[in-house]
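Trainee: According to TrEMBL, the domain 'Glucosamine/galactosamine-6-phosphate isomerase' annotation covers 10-227. Taken from TrEMBL, the feature active site, proton acceptor applies to Asp67, His138. Taken from TrEMBL, the feature active site, for ring-opening step covers Asn136, Glu143.
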Amino acid sequence: MNIIIADHYDDLCRISADIVKDCVKAKPDAVLGLATGSTPIGLYKQLVHQYKSGELDFSKVTTFNLDEYIGLSPEHPQSYNKFMYDHLFRHINVPEEQIHIPKGDNPQLEDECSAYENLIRRIGGIDIQILGIGANGHIGFNEPGSDPEARTRIVRLSESTIKANARFFGDQSLVPRLAISMGIQTIMEFSRHIVLLASGEEKAEAVQKMAEGIMTKNVPASILQSHPNVTVIADQHAAQQLKKQSS
Ligand code: PGA
């Protein structure tokens with residue numbers, strides 16, 4: 001696990017955007033795994049900027065998002081589909097048919113999950129997988145206790161995630177309880193390079209356990225220790241409990 005400590009959130013965004021840029025420049029038909037949440041918003045801003053200034057072309061890029069709430073239509077203001085179009089897809093030239101986000105309103109949810117998994121496999125995996133991390137150590141919606149062997153599937157959100165995400169819905173009761181998420185095994189097996197972003201003091205404990213704690217399914221991100229190519233980009237607040245930097 002390669003850990004980069006960024007001075008500020010803006011640096012974190014710039015460093016991660018440069019990693020994505022280098023990848024797409026070297027491989028114009030790169031497959032990008034994308035994440036939602038507050039943390040990657042600045043990365044997406046940078047990518048939009050790079051596209052608009054002519055530095056980056058997304059016309060051959062394919063994307064796969066990590067997860068989506070079950071029961072929300074793609075147009076729902078809090079769906080991850082809407083999030084991705086608002087923050088990235090609407091502003092760049094990635095063709096619609098190359099964008100993949102699990103469909104949380106598909107009545108055949110099991111089929112949706114297996115088709116999603118199969119599509120990532122068929123396309124040959126993911127060049128760069130962007131991840132956030134939950135304060136509880138989750139990656140995607142793989143909550144503490146998730147099976148490390150799990151593939152894309154229906155998951156139940158933990159109480160702490162429901163609380164954390166209530167800020168977007170206005171009221172905790174409105175947060176969906178279920179989601180579709182790529183599994184830990186999906187991420188581990190299909191991603192050639194994982195770039196995990198962490199910002200803010202509330203992530204500090206999770207970052208420390210992920211990087212320096214024992215590998216345990218109770219901290220799903222700790223499983224990433226066994227992946228050969230992980231870059232963690234943390235701002236100083238998120239990195240403050242790491243033991244290595246203070247030694
Ligand atoms: P956040 O979410 O970026 O909004 O903090 C990260 C996550 O829960 O994975």
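Cβ from N, Cα, C; glycine included.
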Trainee: Between the Cα atoms of Asp67 (active site, proton acceptor) and His138 (active site, proton acceptor), what distance do you get, rounded to the nearest Å?
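Mentor: Each residue's Cα considered, Asp67 (active site, proton acceptor) and His138 (active site, proton acceptor) end up 12 Å apart.
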Trainee: Any idea what the Cα distance is from Asn136 (active site, for ring-opening step) over to Glu143 (active site, for ring-opening step), rounded to a whole Å?
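Mentor: A Cα-Cα distance of 8 Å.
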Trainee: What mean pLDDT does the predicted model reach across the domain 'Glucosamine/galactosamine-6-phosphate isomerase' (10-227)?
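Mentor: Summarising the domain 'Glucosamine/galactosamine-6-phosphate isomerase' (10-227) by its mean pLDDT gives 97.
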Trainee: Using DSSP and collapsing to three states, where does Asn136 (active site, for ring-opening step) fall: helix, strand or coil?
Mentor: coil
Trainee: For Glu143 (active site, for ring-opening step), which residues of its chain lie six or more apart in sequence with Cβ-Cβ distance below 8 Å?
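Mentor: Set apart from Glu143 (active site, for ring-opening step) by at least 6 residues yet with Cβ under 8 Å, we have Gly134, Asn136, Val155, Arg156, Leu157, Ser158, Thr161, Pro220.
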